[in-house]
Amino acid sequence: MTTRYIFVTGGVVSSLGKGIAAASLAAILEARGLNVTIMKLDPYINVDPGTMSPTQHGEVFVTEDGAETDLDLGHYERFIRTKMNRRNNFTTGRIYEEVLRKERRGDYLGATIQVIPHITNAIKERVIAGGEGHDVAIVEIGGTVGDIESLPFLESIRQLGAELGRDRTLFMHLTLVPFLGAAGEIKTKPTQHSVKELRSIGIAPDVLVCRGDRAVPANERAKISLFCNVEERAVISLKDVDSIYKIPALLRSQGLDELVIKRFNIDCKEADLSEWENVIYQEANPNGEVTIGMVGKYIELPDAYKSVNEALKHAGLKNRVTVNIKYIDSQTVEAKGDEVLQGLDGILVPGGFGERGVEGKILAAKFARENKLPYFGICLGMQVALIEFARNVAGMADAHSTEFNPASPFPVVGLITEWIDEDGQLELRHEESDLGGTMRLGAQLCHLKEGTKAAEAYKGNTCVERHRHRYEVNNNYVDRLEKAGLIFSGLSSDRKLVEMIELAEHPWFVAGQFHPEFTSTPRDGHPLFEGFIAASLSHQKRILG
């Protein structure tokens, strides 16, 4: 199979939405029957985003094979059916680590190691490997053209363009076309300068995607075409929209997919975007709304919970309601108590690390349990629910996780001390182990207990979900907690680890050690999120009478 490559770069400013644009183009090409994958090349020195602050970088998206990746890979999976893996995201740090390891082994036979050709060759090899087996591979380059960090990646794709030829490569550049209110007009000069910068390093863009708060008029697109030496039909206007799921149709209406197909000389069917039209219709025509309180510690940056936010929206589509998310700082719950939890239709406690704000999350779980309010706990959200139950129902007053209180007399949650790494080797871990790459990661089979809400949601006795954590329920306390009324509704593939808990005498109190948000999509939703929103809607109706 001959793979074609579309390289996506960004200019003028960051956060233009390269990932959304790349994913939307991929969705159109997939709708034309093509097998598409997407890669993200990140120019930072970190080996992966696993140890980066969520308030700086946003969430860490976990793939099926356990890679800790950029949040853009979440967008990719939500827009196309192809599942991402560790080949779909790599960083400058990963490349340098790989090259330096080879140098230490003597693989370069005494050569002087340089950015060109050794670093660029390593980048090119990964890009080619990531695209294998697909009709089209879209490669997003992180950062902004002009940044010093991006230069090795840009040089690598320049070389690939020359080596593979025009019939197998296409360069798509996103730029900002701002509207100046004082002047009352759109300005194209930033785009012209960005293209000039890109051309100065040897890359001539084939497509320009012009971002702005309004559509770019035909005369301005003609001007951009003239000064940037790009065909006028290849100057695409991408205005702000109220839903990212409208973007595939917006790009298709301007013929972007047709331009790509003709460039690559691919024979394929017309795009069928009916699934996306249905998503847009459901989003625009809700029958009600619910308010979900998300009690977390990274709420100053909503992207820290990007996949959770999207999964709640998807569940809203399936229940035909708008989901309003109220972000609640768990430290505020500690300071003010129940008053900040009033008026909610459901509470969701997402994952997180560290002691800050954990007591607020425990209070949120207690409030939901005592007030029969739908509760959904994810990862740490399950652990705090279990800790709360142990303290206030099972009679273990000082119960805690050893992550937060190693001296707790009732360590109901403890560190995973033995684990199998990605190479199948046994690893021993302790509190002083490295933070990066030392967690239980990736898709794992879970056995569901018959007659539980978990089994009802999944419509079966097993599920497969992705994990990202170091701590697990301490099996020494399972019997005591079970006798107190806690239901262990999900167990690991070997039935040795607790994966899900729930309460019997509660309308909907369900929590999982895994991250179901990573597999939710706008077209398919996710059974647990759908069940949670359905329960929240039912709670609202009961309250309103």
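Placed from the backbone N, Cα and C atoms, the Cβ positions cover glycine too.
Source: prediction; values computed, not measured.
Listed in Swiss-Prot:
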{"type": "BINDING", "residues": "Ser14, Asp147, Ile148, Glu149, Lys187, Thr188, Lys189, Pro190, Thr191, Gln192, Lys223", "note": "CTP binding site"}
{"type": "BINDING", "residues": "Ser15, Leu16, Gly17, Lys18, Gly19, Ile20, Asp72, Lys239, Asp240, Val241", "note": "ATP binding site"}
{"type": "BINDING", "residues": "Asp72, Glu140", "note": "Mg(2+) binding site"}
{"type": "BINDING", "residues": "Gly352, Leu380, Gly381, Met382, Gln383, Glu403, Arg470", "note": "L-glutamine binding site"}
{"type": "REGION", "residues": "1-266", "note": "region 'Amidoligase domain'"}
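Long-range Cβ proximity for Lys223 (CTP binding site), meaning a same-chain Cβ under 8 A and a gap of 6 or more residues, is found for Thr188. Considering only the binding-site residues Ser15, Asp72, Glu140, Lys189, Thr191, the residue whose Cα is spatially closest to the Cα of Leu380 (L-glutamine binding site) is Asp72. Binding-site extent for CTP: residues Ser14, Asp147, Ile148, Glu149, Lys187, Thr188, Lys189, Pro190, Thr191, Gln192, Lys223, maximum pairwise Cα distance 31 Å (rounded to the nearest whole number). For the recorded site, Leu380 (L-glutamine binding site), the DSSP three-state label reads helix. Neighbour density around each Cβ, counted as other Cβ atoms within 10 Å, peaks among the binding-site residues Gly17, Gly19, Gly352, Gly381 at Gly381. Taking the Cα of Gly381 (L-glutamine binding site) as the reference point, the closest of the binding-site residues Ser14, Gly19, Lys189, Thr191, Asp240 is Gly19. When secondary structure is read from DSSP and collapsed to three states, Lys223 (CTP binding site) falls in the helix class. Max Cα-Cα distance over the annotated L-glutamine binders (Gly352, Leu380, Gly381, Met382, Gln383, Glu403, Arg470) is 14 Å.
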